[in-house]
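Database features, via TrEMBL:
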- ARG79, ARG89, ARG117, ASP207: substrate binding site (BINDING)
- ASP207, ASP231, ASP235: Mg(2+) binding site (BINDING)
- 1-336: domain 'Isopropylmalate dehydrogenase-like' (DOMAIN)
- TYR124: site 'Important for catalysis' (SITE)
- LYS175: site 'Important for catalysis' (SITE)
Amino acid sequence: MTAEAVKALRAVIGNEFSLDLQEAVIGGEGLDTVGDALPPETLAVARQADAILLGGTGVPEDEKRPPSEGAGYGLLKLRKALSLYANFRPVKLFPELLDASTLKPDVVGGVDMVILRELNGDLYFGQPRGIETDAEGRRVGFNTMRYTDAEIERIAHAGFQAARRRRKKLCSVDKANVLETMALWREVVIEVSKQYPDVELSHLYIDAASMVLIRNPRQFDVIVTGNVFGDILSDAAAMLAGSIGMLPSASLGSDNKGLYEPVHGTAPDIAGKNIANPLAAILSVAMMLRYSFGLENHAARVEEAVGSVLRDGYRTGDIMQPGSRLVGTREMGDAVVEAVLQSGGGSKLVSASLS
Ligand SMILES: NC(=O)c1ccc[n+]([C@@H]2O[C@H](COP(=O)([O-])OP(=O)(O)OC[C@H]3O[C@@H](n4cnc5c(N)ncnc54)[C@H](O)[C@@H]3O)[C@@H](O)[C@H]2O)c1
Ligand SMILES: CC(C)[C@H](C(=O)O)[C@@H](O)C(=O)O
Ligand SMILES: [Mg+2]
């Protein structure tokens, strides 16, 4: 999937820009090769890069290790080390996939929202954490849900600003009725909202939000939520877009450096068969072009190319519909590349823009 994303990136920049692409291991591959889920060399490469494209990390066997040393933790450490705290997960249903969703077309038609997931705090990083044996000899597992007011404030600002660029509706999702961390979350979001009177703020508890997401998803514009709730909500929301293979993401901090990755994982049940959907990875490249490089037109060309291959009936198995053309991962990538090249008008246009 990542290889297809790189192909699309190369195709859209053509000869206009040079691409200095460096590869580095992380997650399961880091553990296998150098015994570290985030090797220092990888962190150094990531720090120097203008943008990072991340392939899925983790294989189930690695998850036999303690979570804080496992494959997934390489990615968590990278997000934290680079202060990439705002994870934008757009959920948009391509009209061509209206019938690919397991939900009714009149429920999902026109879905267009962003789930903004805080990425540097919450149960993922709170201390103390661990598995210990207590005085009565029982084994106890524990994690700490933790947010500082400053962390909530910065993600709230990101949420209001994102809503301002869109339909001006922000829904904050928490569990303020039960958890102190989330009571503080709500308090701080309400305080920050005073600076954004033009944005309509609403609140939902995570349990109700999960239900409303499926019942009436079109009501959402931007959802801002914590690390754990955002992780879960976004996988559920993937089904609004037809498949988790359609959901890209951008993790941003205070500068333009971003980390771009599909929302899905390594899909181990279908790995190595050339059947996984590369479109989430390819759409992540579009987000990279937009947010890290400011190349809005190039980003739009990639997104339009995805729309065009879907219109032409190309489908991987996860979004297959009757009468469509079933293709593999590489063939889908090739079709997108072809559509990208056509949208650029071929070599003539590339040389024109170079001159
Ligand atoms: N960003 C990441 O690196 C990331 C994200 C999630 C999970 N993971 C890791 O990935 C591994 C597998 O986790 P999981 O199975 O819970 O989640 P997953 O997202 O890999 O797969 C969940 C289901 O969705 C399907 N799926 C996922 N991506 C697909 C695609 N592009 N096309 C078609 N079908 C697709 C899979 O086949 C599977 O049935 C674990 O080791 C997990 O820790 C990594
Ligand atoms: C692999 C895992 C660490 C990761 C997360 O929980 O953040 C993934 O599920 C995601 O959604 O990016
Ligand atoms: Mg996840």
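The backbone N, Cα and C atoms fix where each Cβ goes, glycine too.
Unlike curated entries, TrEMBL annotations are predicted automatically.
Computed from a predicted structure; not experimentally measured.
Annotated features taken from TrEMBL, shown on the structure.
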residue : record                         : Cβ contacts under 8 Å, 6 or more apart
ARG79   : substrate binding site         : TYR85, ASN87, LEU119, ASN120, SER251, LEU259
ARG89   : substrate binding site         : VAL114, ILE115, LEU116, ARG117, GLY230, SER234, ALA237, LEU247, PRO248, SER249, VAL263
TYR124  : site 'Important for catalysis' : LEU76, ASN227, VAL228
LYS175  : site 'Important for catalysis' : MET182, TYR205, ILE206, ASP207, PHE229
ASP231  : Mg(2+) binding site            : ARG117
ASP235  : Mg(2+) binding site            : ILE244, VAL263
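Among the recorded positions ARG79, ARG89, ARG117, LYS175, ASP207, ASP231, the residues whose Cβ lies under 6 Å from any atom of ligand 3 are, in sequence order, ASP231.
DSSP assigns ARG79 (substrate binding site) to a helix. Under the three-state DSSP scheme, TYR124 (site 'Important for catalysis') falls in the helix class. Ligand 2 lies within reach of ASP231 from the recorded positions ARG79, ARG89, ARG117, LYS175, ASP207, ASP231, judged by a C-beta closer than 6 angstroms to any of its atoms. The most densely surrounded of the binding-site residues ARG117, ASP207 is ARG117 (count of other Cβ atoms within 10 A of its Cβ).
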